[in-house]
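Colleague: According to TrEMBL, the protein has these features:
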- A:809-825: compositional bias 'Basic residues' (COMPBIAS)
- A:68-468: domain 'Oligosaccharyl transferase STT3 N-terminal' (DOMAIN)
- A:619-670: domain 'STT3/PglB/AglB core' (DOMAIN)
- A:805-825: region 'Disordered' (REGION)
- A:67-89: transmembrane segment (TRANSMEM)
- A:133-153: transmembrane segment (TRANSMEM)
- A:165-185: transmembrane segment (TRANSMEM)
- A:191-208: transmembrane segment (TRANSMEM)
- A:220-236: transmembrane segment (TRANSMEM)
- A:286-306: transmembrane segment (TRANSMEM)
- A:318-336: transmembrane segment (TRANSMEM)
- A:348-369: transmembrane segment (TRANSMEM)
- A:410-429: transmembrane segment (TRANSMEM)
- A:436-454: transmembrane segment (TRANSMEM)
- A:460-480: transmembrane segment (TRANSMEM)
- A:558-580: transmembrane segment (TRANSMEM)
Amino acid sequence: MAIHTQVWRAVYGKSADAIEKSVENVDESIRAIICIPRLFPFTFGHVDGLPLSNNVSPTTVANTASLLRIVAFGLISAAAIASRLFAVINFESIIHEFDPWFNYRATRVLAAKGFYEFWNWFDPTAWYPLGRVVGGTVYPGLMATSGVIYNFLHYFNLPVDIRNICVLLAPGFSALTAWATYMFTTEMKDSSAGLLAAAFIGIVPGYISRSVAGSYDNEAIAIFLLMITFYLWIAALKQGSALYGTLAAVFYFYMVAAWGGYAFITNMIPVHALVLLLMGRFSGRLYVAYCSWYAIGTLSSMQVPFVGFQPVRTSEHMGALGVFGLLQIVAFASLVRSHLSSKQFQDLLTVSVISMGLLGAGAFIVMTYKGWIAPWTGRFYSLWDTGYAKKYIPIIASVSEHQPTAWPSFFMDLQFLIFLFPAGVVLCFRDLRDEHVFVIIYAVVASYFAGVMVRLMLTLTPVVCVSAAVALSTLLDIYVDVAEPAVPENENSSANGTGAATADAKKAKKNAAVGSQAGPNAAAAASSTLSDIVNAAKSSSKSSPSKQKGIWGADARLVIILNAIGMLVYFVFHCTWVTANAYSSPSVVLASSNPDGSQHLIDDYREAYYWLRMNTPQDAVVMSWWDYGYQIAGMADRGTLVDNNTWNNTHIATVGKAMSSPEEIAYPILRQHDVDYVLVIFGGLLGYSGDDINKFLWMVRIAQGVWPDEIQEPNYFTPTGEYRVDERASDAMKNSLMYKMSYYRFAELYGNGNAIDRVRNQNIPKIGPTLDYVEEAFTSENWIVRIFKVRKEDPLGRDLKSANAFAQGKKRKRSKPVSRRRAVV
Amino acid sequence: MLRLWNAISCLLLASALPALSAQTQSFENSAIVRTIELGGSLVHVTTTFAVKALKADASVYTITIPAEEIYITNWLEVKVKGNQEPLTVTYSGSAGKAHNLDVSLEKPLEVGETINLVLETVQTHATWPWPPQAAQKEEQALKYQTPLFVLSPYITNVQRTKLKASSPRIISHTTPENVDDFTLENPVTKSGATVTYGPYNNVPVSANQEFIEKYQQSVQLHYSHDYTVLEVLKLRRSAEISHWGANLNIQDDIILHNAGPELKGQFSRLDYQTQLFYGSSVHHFLTSFTVQLPGGIRNTYYYDQIGNVSTSRLRTAPSPARGQKNAQSSVLELWPRYPIMGGWNYTYTLGWDAPLADSASYDASTGKYIVSVPVMTEIPGSVVNDAELTIILPEGATDVEYVGPFPAHSDELSTHVTYLDTVGRPSITFKYKNLTNKHVKPIYVSYKVPLTAHLRKPMAVATVLLSLFTFAMIARRVDLTIHKKTTKDV
């Protein structure tokens, strides 16, 4: 039985070696979210007064619109949550992938033992024998959030399992993200654009990819925090409100506690402030908003142990500090200006700006040079030079998430939003208020980063949704508006594209009759409206009101509106399809189908992990490639040498060396590290492509980085430069521990037939590798997980190879005595 | 000594009769036939006593169980042959290495009257694997040891002991010595899967030190066993009764252990797949097993510590009709995540919802509900070493009374707080040891639930929500602005 011939369809997109490099850490109290009425969206906002009836009082209209918004928002939240539940419905309520298993494990500790135990948690099983101080090396925001929810529910005697909280946290927060995006976009345009943006962010695959149920990772809450912080920053800036600035700081702190990507906010807000400054838009509002955000945000972020003094010591944070200083200078300068004559001020300004600039730059260089400010990290360099990691830090490059983004993934993740996105950005130039500047900067920066690294697509997604919503809502505003443009004699009423709304009811009625004749003009009118938008954007609308523009007739509107609706409908289908097929696989459980079409689950990972958990000593140490470290710790509850928190390159290289060396060389390494079991992933039987043989070259490369004399990548290729596992494989390949363990007794499975590795489509030699220093301990049903036990030293002191040969009754080959006579040269 | 008392208290049915001292020689055994059905964890022993009364008014018959068996005997029942009703049995102390049980007959026997008594016992942990380790391809063999003679305080005309193994492959058996006094023929015969000791004639009163020292001896059987030797190390069952949902939820947390010979060397998947493919004769690993669940169950779940186990099949039967005796049961075929080889462990959780009406009834005259909850669900051929059963009654239940089919090691009332409870639910916890398939019997619990208790939960939820809304209503109307000015619309 059990030899499943159905070829398992590897679902790409979320590749097997996804990791979160960043070690996260903790900070405790999630500050209670202060609930103030202003944050509640539904009671505010103006209503576009459609001339429906004169009998309806404005209050009724406002209330109705507010109710509609609440209903719409409820539906958006429901859609956002529901579309993320594919994984739970198709599979089960399970934690996905790799990093989430660590977060889940940490959350369990937090829920079971309380916050202080978690804070001081030293995990001796990870990075054996080094251990890991978990409390100080994680971003604790995620775990703390789940812990708070858990305790809250249990306080009310709602015995919800911590696993279910973890699984459903991301969908829950996606509804909050939709709300935050709504608030943010409302600041940009109006609440109808806000609702569109909320709907987009709710279902867009670029965000769903990191927030399906079970994807219990930092990004699950981080995007919400990102958007709410940006919204609060914009609100603070608009009003010059210290309260909003403080709130922004509080959420910034939450963000710092939750995700390493907080550096994005740390740099976005200062860049925005700097650009405003350079545009000559310095104001008291900017000063108050920025200073309150920076001072409180920085101080509180330093309370997170994992961040510590980084905000004043590393280069990534220097921009924010610099802008903070600059604002003080500018504020002082404007104070001075109000007391001095302009001539004196000019002189003073020139001198002081030059000297201060030189001084600041000099100080920065000196401090970096002296080591007071840490230089940029490798991961940061790889943002500017995509080849950097490959050259110097293979461990970063080996993570598929850190690869540059391929073009198709933009369309897969954002679909039609990606081409509305530039339109929305262009529209931002029309008003170019302070907040629009923010969106423009955000768009430029995030676009760049998304192109550099796949995983940063996530930060691009919100701004794409916002600006696409602005663009689409502008379009709809123009075309849905039932009011016809005024007849030529009424010139001022509707000059530019958006303003068509102002005609009053009487005129609309009158024009309705005219509309039918105006059919032929509609197409021309539509295109001229679009060009008008662009013109308006280019030349900040000083157009001569010579020619009347607008849309006459229902057919013209219908063409555009139906088109837009069509795009939206396709978008929904696309999102559903992508979510269901690409992003909802837990990757712990694989799905295939039986011949009769029913679903067949391939559960090899859990089978093997559970076997480890149940039938090996509690203190056993398992060596595997680092991808599986968190899963082994989470599901098998056993010690690991390396895991997805890849902080110690040497340790990983040691494992890489053990895997890529012959048995005799690997054995001392295994024994020195007290390894009891070695676990490899082998997909050759099923055709599961994310297996260790395919990752093997990274192990070799990483090992080569530390031991360039012993491990050399070219040795693992055939002389013709091919990567082969069949008869023609190189000797180094065939002798490596990884190869031997993967193919141990594999050919025997096929009896007399050809043993085919279905991943690499190569024939495996009949005579398979033999193992002397490790023995097969467990192989899962479909051979995906193979576990080998490391033998203890031979009690008689022989080396295991000869002990084995003796046990099998083989005669020891007498080595030829060295010839006495030297050959004459 | 404590262990003995535990064993004894576990054995005995509650008795209303005072222990009567055995009247020696009021009976004689015309024949004793002991049949031992050898299994893995469980060994079923049926002993038939053909009894003849020697005195008038003989009403108490004494059965003797040897010391080496009293600890492993975990279930015991005495019936008159052909009758369904078990007789009352009382422990009446030990004489040396023999423990006496007094059986009260339903009516006293006249002189010369005969009766056939059937003693059924189940022994647990009575066999042990030998050799203690077996490689994956080797067969599993067990050993069983028992005293040769059935002891009795009466004279026995003839007695024999039959040992039935599950397969005819009997590797060895002991030939008893020093039995010439009782038989002239071969003291032991083997035919097929059965080994018979005896017949031994004219055995004197044997429940005394003298006989034991002179004649009693152990016989051992070494036999191949074709089934997995399973032990449930720990069973935690919780049964939660909900009147609002008309639901009885039962959940079992089980630690399963293969107590057969330990796996020698390592597990090879290739060999295992070959063995399955060719239908090999090796049986000491468990690939799947079947349990019978009640009919009419819903929402059955089977998971372990790391999630759902997707490899099980369930065939549900409909709920039994009211009053119907032999209801169909649902059949659940469970596949553990991995084959359980010798010495391996596996844990899982199995639970289901059943309609409350199937196991509860309402007694209008007393106003009480009576619910029956089975002590355990049988896993075929396994013994439950430790069991803990918690029955959680509805919140606010009063007048809780319960009666078990056999005494528990301990039972206590406590409070269990769960889903939206305010005062918590009364719960009863029973603890048992060494349960066998004979212990699959219901516990009956009766309780009252007043109407106010039924309404407690909706009231509590309504109160909380109402106060929340009230708070929100007030909070919306309080103006905390320090600085009164016209707010700028944003």
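Each Cβ is built from the backbone N, Cα and C atoms, and glycine gets one as well.
Here the structure is a predicted model, which means the values were calculated and not measured.
Map the listed features onto the structure and describe their local environment.
Modeller: As a summary of secondary structure, the domain 'STT3/PglB/AglB core' (A:619-670) carries 31 helix, 6 strand, 15 coil according to DSSP.
Sequence-distant contacts of the transmembrane segment (A:165-185), counting only residues of its own chain at least 6 positions beyond either end whose CB sits under 8 Å from a CB of the stretch, comprise 39, 41, 73, 76-77, 80-81, 84-85, 88, 93-95, 100, 103-104, 107, 142, 145-146, 149-150, 153, 191, 193-202, 207-208, 210-217, 220-221, 223-224, 227-228, 230-231, 234, 462, 465-466, 469-470.
Remote same-chain partners of the transmembrane segment (A:191-208), defined as residues 6 or more beyond its termini with a Cβ less than 8 Å from a stretch Cβ, comprise 41, 45, 48, 69, 72-73, 76-77, 79-80, 83-84, 174-175, 177-179, 181-185, 223, 227, 412-415, 417, 457-458, 460-462, 464-466, 468-470, 472-474, 476-477, 571-572, 574-576, 578-579, 582-583.
Counting residues 6+ beyond its ends, the transmembrane segment (A:318-336) has Cβ neighbours under 8 Å at 266-267, 269-271, 273-274, 277, 282, 286-287, 290-291, 294-295, 298, 311-312, 345, 348-349, 352, 356, 360, 364, 373 in the same chain.
Panel annotation: around the transmembrane segment (A:436-454), residues 188, 230, 233-234, 268, 271-272, 275-276, 279, 382-383, 386, 400-406, 409-410, 421, 424-425, 428-429, 460, 463-464, 466-467 of the same chain, lying at least six beyond its termini, place a Cβ under 8 Å from a Cβ of the stretch.
Long-range Cβ contacts of the transmembrane segment (A:558-580) within its own chain (Cβ-Cβ under 8 Å, at least 6 residues beyond either end) map to 83-84, 86, 90, 203-205, 208, 212, 412-413, 415-417, 472, 475-476, 479-480, 522-523, 526.
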Colleague: For the transmembrane segment (A:286-306) against the transmembrane segment (A:133-153), do we get 3 or more Cβ-Cβ pairs below 8 Å once near-sequence pairs (under 6 apart) are dropped?
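Modeller: Taking Cβ pairs at least 6 residues apart, the transmembrane segment (A:133-153) and the transmembrane segment (A:286-306) are in contact, with 3 or more under 8 Å.
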Colleague: Please identify the stretch among A:220-236, A:348-369, A:410-429 with the greatest number of Cβ pairs below 8 Å relative to the transmembrane segment (A:133-153).
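Modeller: Comparing A:220-236, A:348-369, A:410-429 against the transmembrane segment (A:133-153), the winner is A:220-236.
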Colleague: Do any residues of this chain, six or more beyond the ends of the transmembrane segment (A:348-369), have a C-beta under 8 angstroms from a C-beta of it, and if so which?
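Modeller: For the transmembrane segment (A:348-369), the sequence-distant neighbours (Cβ-Cβ under 8 Å, at least 6 residues beyond its ends) are 315, 318, 322, 325, 329, 333, 336, 340, 375.
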Colleague: Who are the long-range neighbours of the transmembrane segment (A:220-236) in its own chain, taking Cβ under 8 Å and residues 6 or more past its ends?
Modeller: 38, 141-142, 145, 169-170, 173-174, 176-177, 180-181, 183-184, 187, 201, 207, 210-211, 242-245, 247-248, 251-252, 254-255, 258-259, 261-262, 264-265, 268-269, 272, 288-289, 292-293, 434-435, 438, 442, 458-459, 461-462
Colleague: Suppose you look only at the domain 'Oligosaccharyl transferase STT3 N-terminal' (A:68-468); what would the mean pLDDT be?
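Modeller: On average, pLDDT over the domain 'Oligosaccharyl transferase STT3 N-terminal' (A:68-468) sits at 88.
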